[in-house]
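**Student:** There's a structure below that I have some questions on.
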Amino acid sequence: MRSTSTFTRTPAFLLHTLARWLLVWGVLGSSVVAEKKCASNYYVRSLPGQPDGPLLKMHAGHVEVDHKNNGNLFFWHFQNRHIANRQRTVIWLNGGPGCSSMDGALMEIGPYRLKDDHTLIYNEGSWDEFANILFVDQPVGTGFSYVNTNSYIHELDEMASHFVTFLEKWFELFPEYEHDDLYFAGESYAGQYIPYIAKAILDRNKNTTTQAQSRLWNLKGLLIGNGWISPVEQYQAYLTYAYKENLIQSGTDAAKRVERAHSECISELDSGGKDRIHAGACEKVLSAVLEVTRENGKCINMYDIRLRDEFPSCGMNWPPDLKHITPYLRRDDVISALHVNDDKRTGWRECTGAVSSNFNARNSKPSVQLLPEILESGIPITLFSGAKDFICNHIGTEQFIHNMQWSGGTGFELSPGVWAPRHDWTFEGEAAGYYQEARNLTYVLFYNASHMVPFDFGRRSRDMLDRFLGVDITSIGGNPADSRIDGEKGALTSVGNHPNSTTAEQREKEKLKAATWAAYYKSGEVALVVVAIAAAVWGFFIWRSRRQRQGSGYRGIYPNLNGLSSGSFSGFRNKRSSHDDIEAAADFDASELDTLRGTDDRSRGANGHGSVGGDSEDEDEKFGAQKESYHPSNMPSSSSS
């Protein structure tokens, strides 16, 4: 009897143990997945106020860049609507320091604009037509990003290090984008950020081991609008620009006051200030112009001199879309849709004063000193300016280009004494500006544009982007924009009215479909193996028991086995049949795409000055109240986007 009892209980005991082990394995596996996020955790399934039509493919959320200090950067990524000849990703940064890139996402180059604080409309001329767009709130503490209160960063090299860490982790989440052509774009104080990040990426690529060559990042270009890049020339341009635009008149008391401030600025620059990003005396030149133009309680808008604003805001209430963005980004349903972490304990702010006041960059040299090396490394740079911006005006940009030396020449010098001509640009029959270029550097002046060029001229800015990216729709289809340089069309670019698909896009879809099935097959292998092992063990003991107990009434000994219906395994079969499968066609094991994306036409592997608007430290203050402004050097009366 003892022997029979042993044989009859052993299969049941082992089956019970196996079932418990599988249950524990499933729970532990789920907990591991919960701790380490994957792409589907960032997928934006719906967006409050979205316009009619299919939702654009986007992801959003936080990536940790400083574990010790709980530093996390927030991103919002939009997948391109169409694919040209190859995959491209543009990373957009606003300035400050401390101003959110959601300005760029919702007021400039993103696919949506806010009609009011609860309604989104499509942005004609958005930059996501043929490029993936990645908006990042940085440094830590900016916008939706966060960090422990006492751990804000201070220098540009710290910022660049954090950003490289962000990209390392972001590409782990989204490996299908790691081999895209990579471009950085931004405005204002991003003129400091972007060259530092570019230098850090170039250094990273140089230091990458032979074994890791496949993880080289394909940095292809920089695009900076109204950037704060070279304080020496740009500070001195305030007086010149004020006279040129007739903001002050020579010989008047107002002009004399500005000239005195200008002289004090020159003295500080000559006393060791030329290698600093911030010169306190020079900030007073801009302040003086704003003060002397005050009339009936209003002053010029420092971001668009054609407009006036309440003094001392002088542009901080502009652009008008600002009044919609803050309430929209503080809505609970929007916060949830964008996967904003609970650790972000304060509401979204356009510009964060604590970030600005801590980011003094005292030991950082102006980014203009990095540009020659970047250009000489083969990275093209386009600088563009809105002609009506005062705070980072085009005269200052043109002056530092004229003085800068790189690749054996000075400025736009083609040969000694011969300068590159300015090429007139017309867009749809209107004078749009001009282009000038030499030795990998291009300069574009936008006529009648403000500090935020894409806000004023979205379609023209997209035309500039497509030219810079090398998008040519000749073999794609669609209606080309009537854009001409010196009367010649050149490469055809498309702004709106795009085709439903492109040849490259069809190829990409076929690859994605194949990769999707491959990924599902791969993900199913583990479950199949587990089920096969369980079935084999179960079958073995049933077979052995029957041999030992032939005719002993198997059902009577194990009555509960009949209760293990197919429904008991439904959890394994349906593990992926959750809402995460909404994006099954894209957020599978993305590493399957590493050998698929962009292999047709390119090689793999290697090869605001301050804020628009300002900071609101009081969560309960009215959204329309005056906000603290930010100049590239934290000047109390100016700002930058």
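Positions of Cβ are set from backbone N, Cα and C atoms, glycine also.
Here's the feature list from Swiss-Prot:
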- 1-34: signal peptide (SIGNAL)
- 35-522: topological domain 'Lumenal' (TOPO_DOM)
- SER188: active site (ACT_SITE)
- ASP389: active site (ACT_SITE)
- HIS451: active site (ACT_SITE)
- 486-506: region 'Disordered' (REGION)
- 494-504: compositional bias 'Polar residues' (COMPBIAS)
- 523-543: transmembrane segment (TRANSMEM)
- 544-641: topological domain 'Cytoplasmic' (TOPO_DOM)
- 593-641: region 'Disordered' (REGION)
- 594-604: compositional bias 'Basic and acidic residues' (COMPBIAS)
- 631-641: compositional bias 'Polar residues' (COMPBIAS)
**Student:** Let me know how many other Cβ atoms fall within 10 Å of the Cβ of ASP389 (active site).
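**Tutor:** By my count, 30.
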**Student:** Check the topological domain 'Cytoplasmic' (544-641) for me and report the mean pLDDT.
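**Tutor:** Taking every residue in the topological domain 'Cytoplasmic' (544-641) and averaging pLDDT yields 40.
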**Student:** Whole-number answer please: how many Å between the C-alpha atoms of ASP389 (active site) and SER188 (active site)?
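**Tutor:** Pair distance, Cα basis, whole Å: 11 Å.
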**Student:** If you count Cβ atoms within 10 Å of each one, which of the active-site residues SER188, HIS451 comes out on top?
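**Tutor:** Most Cβ neighbours within 10 Å: SER188.
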**Student:** To the nearest whole angstrom, what is the C-alpha distance linking HIS451 (active site) and SER188 (active site)?
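**Tutor:** Given the Cα positions, HIS451 (active site) is 8 Å from SER188 (active site).
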